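Asks: Here's a structure for you.
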Amino acid sequence: MSGICIAIDGPAAAGKSTVAKIVANRLGYIYLDTGAMYRTLTYAAQQAQVTLSSESELEHLLPTVAITFAPDEVNGGQRVFLNNVDVSDAIRSEAVTNNVSIVAQVLSVREEMKKRQLAFAADGGVVMDGRDIGTNVLPNAELKIFLLASVDERAIRRFNENKAKGYKHVPLELLKEEIEARDNLDYTRKHAPLKKAEDAIELDTTSLSIDEVSTRIYDLAQTKLHA
Ligand code: CDP
Ligand code: CDP
């Protein structure tokens, strides 16, 4: 059996990619970080000096942007490549983070990303995290999770992550403002906004550990698999 599709959506820094990776590993499934795809496109657009809100300029750029993933042999997880160049750290910069939601508003960008994302899910056995996976990319996913955490907790998580990974220091209050601004754009955009799918299970992770969240999702997946 090729496995089920699991969609994990939610606002910024709720812990989606961390737990999605763990659940995928435990199930032996493919993991796809769809946020990394939007980030890579944004980085490519900035490099090419494309107007980030211009649909026509982005449409022109898209065919030149190959986004691929490979296992990170040193740190675990995945590395992300733009036209075979490792951009895993570059796409976490503030310049990308604070502009990605502008690029992600554009309809033809979303359509192209969805097409590429569906190719990963063609055989099932996939855990995909993002903003519109349960509502738009995989509306028939067997398991849908909507991960939440308070904005204060999410800012602290991102702050600690920046420190641990040696990324640029951004004060906690500013991180919180940036997260709120990005969430606001993601929740209110016209095309495929961030939204809990009607049949998604909501998990507030504010006071849950990574292990608790991933075990909860893994157990839900097992229930689906043995239903
Ligand atoms: O990791 P973090 O929560 O900071 O964000 P991400 O998952 O890397 O996603 C970056 C941005 O890409 C989001 O803020 C959205 O604007 C966009 N995105 C999207 O529109 N749809 C998705 N399925 C995934 C990400
Ligand atoms: O993918 P998303 O932006 O939703 O979040 P993430 O990048 O997976 O998680 C952001 C940070 O929160 C990471 O450093 C995780 O280790 C941490 N985290 C946590 O402290 N507790 C959780 N329950 C989940 C994630």
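A Cβ is built for glycine as well, from the same backbone N, Cα and C atoms used for every other residue.
Grabbed the feature section from TrEMBL, which reads as follows:
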type    : residues                                                      : note
DOMAIN  : 6-222                                                         : domain 'Cytidylate kinase'
BINDING : Gly10, Pro11, Ala12, Ala13, Ala14, Gly15, Lys16, Ser17, Thr18 : ATP binding site
Asks: Taking the mean position of the Cβ atoms of Gly10, Pro11, Ala12, Ala13, Ala14, Gly15, Lys16, Ser17, Thr18 as the ATP site, which residues outside that list, in the same chain, have a Cβ no more than 8 Å away, listed in sequence order?
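Replies: The answer, listed by sequence position, is Asp129, Leu147, Ala149, Arg154.
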Asks: Go through the binding-site residues Gly10, Ala12, Ala14, Thr18 and pull out the ones with a Cβ less than 6 angstroms from some atom of ligand 1.
Replies: Ala12
Asks: Which chain-mates of Ala14 (ATP binding site) that are at least 6 residues away have a CB under 8 A from its CB, listed by sequence?
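Replies: Result: Leu147, Leu148, Ala149, Arg154, Thr205.
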Asks: Take every residue in the domain 'Cytidylate kinase' (6-222), average their pLDDT values, and give the whole-number result.
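Replies: The answer is 97, the mean pLDDT of the model over that range.
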Asks: Have a look at the binding-site residues (Gly10, Ala12, Lys16, Thr18) and report the one with the fewest Cβ neighbours inside 10 Å.
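Replies: It is Thr18 that, of the binding-site residues Gly10, Ala12, Lys16, Thr18, has the fewest other Cβ atoms within 10 Å.
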